[in-house]
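TrEMBL lists 10-215 with the feature domain 'Glucosamine/galactosamine-6-phosphate isomerase'. Residues or ranges marked as active site, proton acceptor by TrEMBL: ASP67, HIS138. Look at TrEMBL and you will find ASP136, GLU143 tagged as active site, for ring-opening step.
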Amino acid sequence: MEVIILPNQQKAAYLVAQILAKELKAHPRLVLGMATGRTMEPVYRLLVDMHQKEGLDFSLCSTFNLDEYIGIPADHPCSYRHYMNELLFDRVNIAKANTHLPDGMASDLGAECLRYEAAITQAGGIDLQLVGIGSDGHIGFNEPLSSLRSRTREKALTPATREQNAPMFGGDPANVPRRAITMGVGTILDSRRCLMLVTGKSKATILAKAVEGPISAMVTASALQLHPRCQVVVDEEAASELKEIEYHRWVFANEPEWAEFQNLV
Ligand SMILES: N[C@@H]1[C@@H](O)[C@H](O)[C@@H](COP(=O)(O)O)O[C@@H]1O
């Protein structure tokens with residue numbers, strides 16, 4: 001696991017968007033794992049910008065989102081399908097048929113979870129997975145005590161998560177669905193490359209637990225320590241409780257991979 005610390009949220013999002021664009025240019029048929037949440041919004045804005053101004057081409061790639069709420073239809077303004085369409089899919093030249101989210105309205109949710117896993121396998125697996133982190137340390141909707149080997153399945157959301165996501169549902173946690181379909185921790189760990197983006201002071205404590213704490217099902221993001229190629233891009237505020245800050249800075253300043261991005265610090 002590698003931690004990249006950048007001065008602010010904008011620069012952290014910029015690096016993530018640049019990495020993604022670089023992978024997409026090198027591999028037009030890239031299979032992308034997508035994440036939602038406020039943290040990802042600037043990343044998608046930057047990708048749309050690159051599409052409009054530089055012709056970044058999404059026509060051959062496909063996407064699989066981490067999760068979707070159960071019981072709200074795709075066209076509901078709070079569904080993750082709606083979020084993705086609004087922020088990215090409707091604004092770039094991606095084929096809608098190549099964009100995948102679990103169907104939270106499926107009549108047989110168990111079958112839907114199996115179908116989703118099979119679709120990822122059929123696409124050849126996820127090349128680059130984006131993830132954020134919830135206030136309780138979740139990735140996707142893998143709430144505390146999720147099995148670290150779990151696959152796509154239904155999960156009950158914790159009160160903390162429903163509270164965190166309440167602003168998107170008019171401010172009342174009671175309006176946030178109680179359940180979601182999420183890729184499992186094991187599904188996420190199978191991705192070939194993983195990029196976690198974490199910004200803001202409110203994420204500092206949970207980020208330190210995820211990155212420097214013990215691997216624990218209580219903080220499912222800590223399982224990313226087992227990922228073969230996981231890079232964590234954070235801003236100064238989110239990094240403020242990390243112990244190895246100087247080491248992380250030194251790695252960014254010295255690894256050839258990051259040479260072209262030195263101007264960001
Ligand atoms: N299921 C999503 C997560 O994938 C996301 O990481 C988290 C953080 O959201 P935010 O970026 O708004 O803090 O929100 C939701 O719970």
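Placed from the backbone N, Cα and C atoms, the Cβ positions cover glycine too.
Values in this document were obtained by computation on a predicted structure and should not be read as measured data.
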How many other Cβ atoms are found within 10 Å of the Cβ atom of ASP67 (active site, proton acceptor), counting all protein chains shown?
23
Tally every other Cβ atom lying within 10 Å of the Cβ atom of GLU143 (active site, for ring-opening step).
21
For the active-site residues ASP136, HIS138, which Cβ has the most other Cβ atoms within 10 Å, all shown protein chains included?
HIS138
Filtering ASP67, ASP136, GLU143 (active-site residues) by proximity to ligand 1: which pass a Cβ cutoff of under 6 Å to any of its atoms?
ASP67
Rounded Cα separation (Å) that holds between ASP136 (active site, for ring-opening step) and ASP67 (active site, proton acceptor)
16
Rounded inter-Cα distance in Å - HIS138 (active site, proton acceptor), ASP67 (active site, proton acceptor):
12
Which of the three DSSP states, helix, strand or coil, fits ASP67 (active site, proton acceptor)?
strand
How big is the Cα-to-Cα gap, in Å, between ASP67 (active site, proton acceptor) and GLU143 (active site, for ring-opening step)?
12
